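Engineer: The structure is given below, and queries will be raised subsequently.
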Amino acid sequence: MASPGAGRAPPELPERNCGYREVEYWDQRYQGAADSAPYDWFGDFSSFRALLEPELRPEDRILVLGCGNSALSYELFLGGFPNVTSVDYSSVVVAAMQARHAHVPQLRWETMDVRKLDFPSASFDVVLEKGTLDALLAGERDPWTVSSEGVHTVDQVLSEVGFQKGTRQLLGSRTQLELVLAGASLLLAALLLGCLVALGVQYHRDPSHSTCLTEACIRVAGKILESLDRGVSPCEDFYQFSCGGWIRRNPLPDGRSRWNTFNSLWDQNQAILKHLLENTTFNSSSEAEQKTQRFYLSCLQVERIEELGAQPLRDLIEKIGGWNITGPWDQDNFMEVLKAVAGTYRATPFFTVYISADSKSSNSNVIQVDQSGLFLPSRDYYLNRTANEKVLTAYLDYMEELGMLLGGRPTSTREQMQQVLELEIQLANITVPQDQRRDEEKIYHKMSISELQALAPSMDWLEFLSFLLSPLELSDSEPVVVYGMDYLQQVSELINRTEPSILNNYLIWNLVQKTTSSLDRRFESAQEKLLETLYGTKKSCVPRWQTCISNTDDALGFALGSLFVKATFDRQSKEIAEGMISEIRTAFEEALGQLVWMDEKTRQAAKEKADAIYDMIGFPDFILEPKELDDVYDGYEISEDSFFQNMLNLYNFSAKVMADQLRKPPSRDQWSMTPQTVNAYYLPTKNEIVFPAGILQAPFYARNHPKALNFGGIGVVMGHELTHAFDDQGREYDKEGNLRPWWQNESLAAFRNHTACMEEQYNQYQVNGERLNGRQTLGENIADNGGLKAAYNAYKAWLRKHGEEQQLPAVGLTNHQLFFVGFAQVWCSVRTPESSHEGLVTDPHSPARFRVLGTLSNSRDFLRHFGCPVGSPMNPGQLCEVW
């Protein structure tokens with residue numbers, strides 16, 4: 001429901017606004033409210049939705065104070081927050097709202113004085129106030145001279161809803177959020193802040209004072225303080241010291257297996273995107289942006305999706321040739337089914353095929369083939385059957401349930417799915433572990449299609465690749481890069497000795513996995529049960545709109561990025577980020593010059609490579625050019641009433657886009673991440689580092705934060721990505737992005753000695769009694785350590801040039817210490833034991849705790865600034881250093 005036009009005054013203003021304190025005034029004002037349009041003080045929900053939603057969770061119990069006849073409570077319900085209780089002083093308006101929203105019994109309405117709330121303790125997670133406290137202050141002479149009675153009244157209400165003086169900021173922590181919007185509370189906060197800012201100006205005028213009292217400094221100091229655990233010595237456990245408070249205040253949200261800064265920022269970005277896509281005045285000249293909204297809205301059509309049920313996938317399976325689990329199937333069509341499943345619909349049974357830059361000739365693209373075909377996150381889940389019995393049973397239950405939902409026979413579905421699972425176990429047996437695939441020189445094999453045919457003769461490769469890359473014409477001499485020759489040879493033998501019915505069941509199972517997320521709630525519910533076992537998620541509370549934002553990001557991510565960038569990105573941030581990268585690059589090269597183990601020839605080549613690293617900040621330029629953006633998605637058709645068909649169209653469109661790349665050179669405009677992504681990456685074949693707009697925000701970066709925090713946040717991320725150019729894999733590529741040996745033998749041997757130290761260091765860390773894999777995480781650990789060192793050296797260089805910064809109030813840290821705390825708090829995280837195990841066996845990164853502890857225990861600068869003695873847990877005595 002819309003509110004009256006902006007700036008329109010309510011029709012019945014009292015002669016004196018102290019009438020706002022009288023219930024009789026409100027009772028009279030709201031006569032007939034059930035039939036009149038709603039009125040929203042300070043604007044309707046849409047005016048602050050993007051700011052509010054990142055602070056809310058769908059399961060929150062929300063209390064709205066002084067609801068009046070506002071549409072806020074109902075719009076919260078429509079926005080995916082169903083647990084809303086609204087109270088008002090006036091019984092007349094409460095009765096009116098109960099009548100107006102009788103069709104929504106979930107909404108609760110109570111007659112109650114906000115000064116005498118009658119709810120049990122801890123009844124609510126969120127309290128919203130928009131204008132009510134202003135009414136309590138009616139009759140004051142002016143907003144700047146509030147009487148002691150007025151202050152007492154506001155204090156009384158804040159106490160009623162749970163604010164505890166001295167223990168939290170006015171806008172609360174997210175553990176039990178009390179969120180007050182507008183009203184006198186914000187006015188009082190603004191007045192207090194104004195006093196602090198004024199005091200800060202005086203401090204700035206007097207150079208003897210070194211405390212920063214700007215609004216930004218006060219806010220960030222509060223966030224840092226509430227994340228710290230002062231009961232722990234920084235030299236005992238710096239992660240707990242930096243994140244203990246954050247962990248206490250951030251219990252794992254329902255439906256999540258992990259929660260950290262990256263998740264929080266992505267939720268925030270999603271809320272902004274939701275606001276943009278659901279804007280009723282959405283009007284874009286870009287066809288790609290219009291497609292984005294149509295795709296998103298089709299995903300939200302839950303009633304239509306439920307109405308269609310499983311039929312869209314059943315029809316697709318029948319079109320391909322049938323499935324032995326659900327009915328008749330064509331027994332002689334292995335190649336045809338493989339082409340449809342892996343080509344048209346982009347699933348990856350047995351292996352994956354893609355087009356990418358040739359590692360040894362990076363200015364050209366080439367067909368690449370690699371191992372694939374497992375549904376569970378890692379081969380370990382299949383092979384360590386005793387430890388993973390619960391997961392394998394849950395997976396088989398999931399397979400059976402989906403087979404039954406699609407028409408499988410009760411008497412045979414589980415037996416046939418067991419055969420598919422056994423085939424996946426055989427695939428896991430021949431799959432090469434990730435920690436044995438880190439030397440790209442060894443796993444890179446370039447050959448012709450005819451040579452590939454001889455290596456893996458169980459299928460017609462020319463026929464398959466020609467179909468996949470249609471309408472391109474291929475011949476037997478077409479080059480292909482194969483990663484893992486032994487795997488392909490063995491998978492070919494496995495195909496030859498497997499019964500056709502099992503092959504068919506496995507191929508269609510891959511298609512089912514790919515498409516069921518587009519089907520009705522029964523399929524989602526089946527998956528939730530598997531995910532609970534696999535990742536420890538207790539229940540799924542992810543609202544549909546968030547799922548749809550993620551789907552839209554996958555399908556039309558750069559068109560979505562265009563909307564995001566235009567709405568949020570500060571162009572000056574790009575210039576500042578580029579300056580920081582330059583400073584960090586300089587610091588890295590200076591450290592390079594001091595390495596005693598590297599010979600001069602290799603050092604010079606390394607410096608040239610560092611100089612040549614190309615940085616991309618924010619977004620690719622083409623997304624702000626409507627015609628160029630439209631061209632990217634030209635040919636992708638969007639149906640307004642079939643989300644399933646939109647996903648099928650996406651797979652088909654993606655296959656055509658891939659084929660189009662083969663005869664073109666790689667382009668720098670082809671980013672691997674969309675602008676709204678909260679992440680960054682280094683691409684060795686382009687020798688480039690990329691920082692999307694999504695990560696260029698607090699706590700990683702903010703223009704008005706101390707430089708210590710910016711260098712400790714986004715600065716370390718920048719140093720991390722730059723160091724990837726010189727980790728155990730990146731160091732194999734030269735400055736042009738080509739995989740070739742450019743190191744002298746002596747320096748290479750020394751490099752391996754230094755990395756062996758780091759590998760062994762991380763091998764010693766444990767999570768829930770399970771050791772980290774120092775080999776699997778080596779590249780990321782090298783980047784973490786090198787990135788921290790480069791960023792800190794860049795910060796010191798900045799200080800030499802600009803002088804010391806003012807310190808944050810109350811935190812009790814020097815700015816050098818603040819740098820390390822800022823770095824650590826970026827990695828504050830909570831995670832289920834099941835998710836922690838999954839990370840240990842699949843993730844090339846170390847767990848968050850050891851990204852902090854491992855890196856800082858190797859940092860002489862950290863140990864010096866915190867005074868950690870040799871023998872303390874943070875200073876074991878031996879430091880592992882590569883860069």
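The backbone N, Cα and C atoms fix where each Cβ goes, glycine too.
Here Swiss-Prot flags E721 as active site, drawing on sequence analysis. Residues annotated as active site, proton donor in Swiss-Prot: D784. The S-adenosyl-L-methionine binding site annotation in Swiss-Prot covers W26, Y30, W41, G66, D88, Y89, D113, V114, K130. Sequence annotations record features per position, and here Swiss-Prot assigns domain 'Peptidase M13' to 211-883 based on sequence analysis. If you look up Swiss-Prot, you'll see N279, N283, N324, N384, N429, N496, N652, N745, N753 marked as N-linked glycosylation site. According to Swiss-Prot, the phosphotyrosine annotation covers Y39, on the basis of a large-scale study or a structure entry. If you look up Swiss-Prot, you'll see 1-160 marked as region 'Methyltransferase-like region'. Annotation source Swiss-Prot lists topological domain 'Lumenal' at 200-883, citing a curator's inference. Swiss-Prot lists 179-199 with the feature transmembrane segment.
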Engineer: Roughly how many Å lie between the Cα atoms of E721 (active site) and the residue listed as 'active site, proton donor', rounded to a whole value?
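Structural biologist: Rounded to a whole number, the Cα-Cα distance is 9 Å.
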Engineer: Please report the Cα separation of N496 (N-linked glycosylation site) and N429 (N-linked glycosylation site) in Å, rounded to an integer.
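Structural biologist: N496 (N-linked glycosylation site) to N429 (N-linked glycosylation site), Cα-Cα distance: 16 Å.
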Engineer: Give the distance between the Cα atoms of D113 (S-adenosyl-L-methionine binding site) and N324 (N-linked glycosylation site), rounded to the nearest whole Å.
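Structural biologist: It is 66 Å, counting Cα to Cα.
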Engineer: Please identify, among the recorded positions W26, W41, D88, K130, D784, the one with the smallest Cα-Cα distance to N429 (N-linked glycosylation site).
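Structural biologist: Smallest Cα separation from N429 (N-linked glycosylation site) among W26, W41, D88, K130, D784: D784.
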Engineer: Of N283, N496, N652, N745, which of the glycosylation sites has the most Cβ neighbours inside 10 Å?
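Structural biologist: By the 10 Å Cβ neighbour count, N652 comes out on top.
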Engineer: Cα-Cα separation of D88 (S-adenosyl-L-methionine binding site) and Y39 (phosphotyrosine), in Å?
Structural biologist: 14
Engineer: Have a look around W26 (S-adenosyl-L-methionine binding site) and count the other CB atoms within 10 A of its CB, chains all included.
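Structural biologist: Result for W26 (S-adenosyl-L-methionine binding site): 21 other Cβ atoms within 10 Å.
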Engineer: Check the Cα distances from W26 (S-adenosyl-L-methionine binding site) to each of the recorded positions Y39, N279, N652, D784 and keep only the ones within 10 Å.
Structural biologist: none
Engineer: Considering Cα atoms only, can you say which of N279, N384, N753 is the nearest neighbour of W41 (S-adenosyl-L-methionine binding site) among these glycosylation sites?
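Structural biologist: In terms of Cα distance, W41 (S-adenosyl-L-methionine binding site) lies closest to N279.
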Engineer: Name the secondary structure element type, per DSSP in three states, that contains W41 (S-adenosyl-L-methionine binding site).
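Structural biologist: Its secondary structure by DSSP: coil.
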Engineer: Taking 10 A as the limit, how many CB atoms besides its own sit near the CB of N753 (N-linked glycosylation site)?
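Structural biologist: For N753 (N-linked glycosylation site), the count of other Cβ atoms within 10 Å is 11.
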Engineer: State the count of C-beta atoms found within 10 angstroms of the C-beta of N324 (N-linked glycosylation site), not counting that atom itself.
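Structural biologist: So the Cβ neighbour count for N324 (N-linked glycosylation site) comes to 19.
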Engineer: What whole-number Å value do you get for the CA-CA distance of N324 (N-linked glycosylation site) and N652 (N-linked glycosylation site)?
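Structural biologist: Here the two Cα atoms are 25 Å apart.
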